[in-house]
Amino acid sequence: MAHFNQNFLDSIERDLPSHLSMEDFIAYSNKPLRLSIRVNTLKISTENFIDLMSAKGWSFDPIPWCNQGFWVTISSDLQLGNTIEHLQGLFYIQEASSMLPPTALFDSHADNENDLSQFAQTRVLDMASAPGSKTTQIAALMNNQGLLVANEYSASRVKVLHANVARMGVSNCALTHFDARVFGEYLFETFDSVLLDAPCSGEGTIRKDPDALKNWDNNDNKGIVDTQKALIESAFLALKVGGCLVYSTCALSRQENQDVCHHLKTAFGEAVEFAALTELFPDADKACTEEGFLHVWPQIYDSEGFFVAKIRKVSAVERTLPEPKMQKNFPFTAAKTKQIEELTAYFEDSFAITLPTDAEIMVRDLEFWLFPKAVMPLIGKMRFQRIGIKLADALKKGYKVRHEAILALSSPTRFELSDEQAKEFLMGRDISLVEKVKPQGEVIVSYASNPLGVAKHLGNKLKNNLPRDLVKDKIALYQ
């Protein structure tokens, strides 16, 4: 049972549209959320995923605003986060409403979704990324093309963000760790698209946490609103002319939503154009405000409360701060031609993996990395925590592939494991082989034709090379 205080209910009653009722708001706020997931199309098609999981007792109800999103019913009480398919990165457990902002950001590309190269030169900024649901959704919509800068202010949450980015096989991402208010200064008019899923009071999340609003006080929100206004200004400054900014929160009040967008309009005048989201998906108009924003109340779609606004930058704005000095001592250098040839041959010969040609192979000490080409002009303008994916380490003789490279780069050559073998592998154990054959060296091990990681084939067993931090104590199997 959700715990409301009267101040919160009074605030909701002021902001709730006249065609919606407080009774429904309270009733839906007391209902548990429907379980929802998003298929990761960087690894598996939506159709193949449905076939795979339907055979394991799942049923699917499409989420109307995300082609890869579904409310799901499962026939067991398994912890989905401990299933093999989740650990492989085939899906993300994501609340349905939170799939709206990336959909709004990319809706103009929906008609060209089969053009897999349309984002090759695109730069996208996700200003507040952790834990990574929207970041990985954006990467999938971009088909790992172009550059996705994912920023997170909290140091501990950066680690979670990277873990999810790696699990989902994202390779076009650069991670940063800043107060996002710096982007307008450091990367002025750099990005084609910007997502600001702003820190907020979290009023829309009460269906996840009944105590979320127990001590709600509108006076506590002033500092949050000031931060939101500063962040949306920074986002707009970082946006190219002609680009789109999506501002979203899981708050319900006008103060944190419409008022913040109107603040931007006041600050930048005719350079700001509100883009209507009335036709983003069937029945979107049920949640639309007079400006064309989506103000999703829990009872409209039986989901979390959410707010989404899409804003176009239709003309240039003045840069008020000078361009910062270039940062020095970047620790990476471009790989030499011979190194690239050797590394390319290693991946092709060992794993039948062809390294992408639309990326840069970079070297730091004995490490080889794959950088998105679109990040190269930004080197020195901002400090990055991590760029692209780590491909391999150089040994005295040859190379040793990195786990994240196997998850991100597709290969037709795999050693397929059974349910029980996959469970053993993810628990860090070696896999005994019934038939002794000639040792094959490093091999990609897979489950349901999707990679799990790398093992060393010794003839009579597969020696587990799963990174220790990914070893699980418990794996959930379907009976």
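A Cβ is built for glycine as well, from the same backbone N, Cα and C atoms used for every other residue.
Per Swiss-Prot, active site, nucleophile is recorded for C250. Annotated S-adenosyl-L-methionine binding site per Swiss-Prot: A128, S129, A130, P131, G132, S133, K134, E152, D179, D197, in sequence order.
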Cβ neighbours within the same chain of D179 (S-adenosyl-L-methionine binding site) - under 8 Å, at least six residues apart: Y153
Residues A128, S129, A130, P131, G132, S133, K134, E152, D179, D197 [recorded S-adenosyl-L-methionine binders]: greatest CA to CA distance in Å: 20
CB within-chain contacts under 8 A for K134 (S-adenosyl-L-methionine binding site), separation at least 6: S98, M99, P101, P102, D126, L195, D197
Neighbour count (Cβ, 10 Å) for A130 (S-adenosyl-L-methionine binding site): 22
Three-state secondary structure, which DSSP defines for K134 (S-adenosyl-L-methionine binding site): helix
The residue listed as 'active site, nucleophile' and A130 (S-adenosyl-L-methionine binding site), Cα-Cα, nearest whole angstrom: 14
Nonlocal residues around G132 (S-adenosyl-L-methionine binding site), in sequence order (Cβ under 8 Å, 6 or more apart): A150, V160, L161, N164, V165, M168
Pairwise CA distance, A128 (S-adenosyl-L-methionine binding site) versus C250 (active site, nucleophile), rounded so that it is a whole Å: 13
Secondary structure of A128 (S-adenosyl-L-methionine binding site) (DSSP, helix/strand/coil): coil
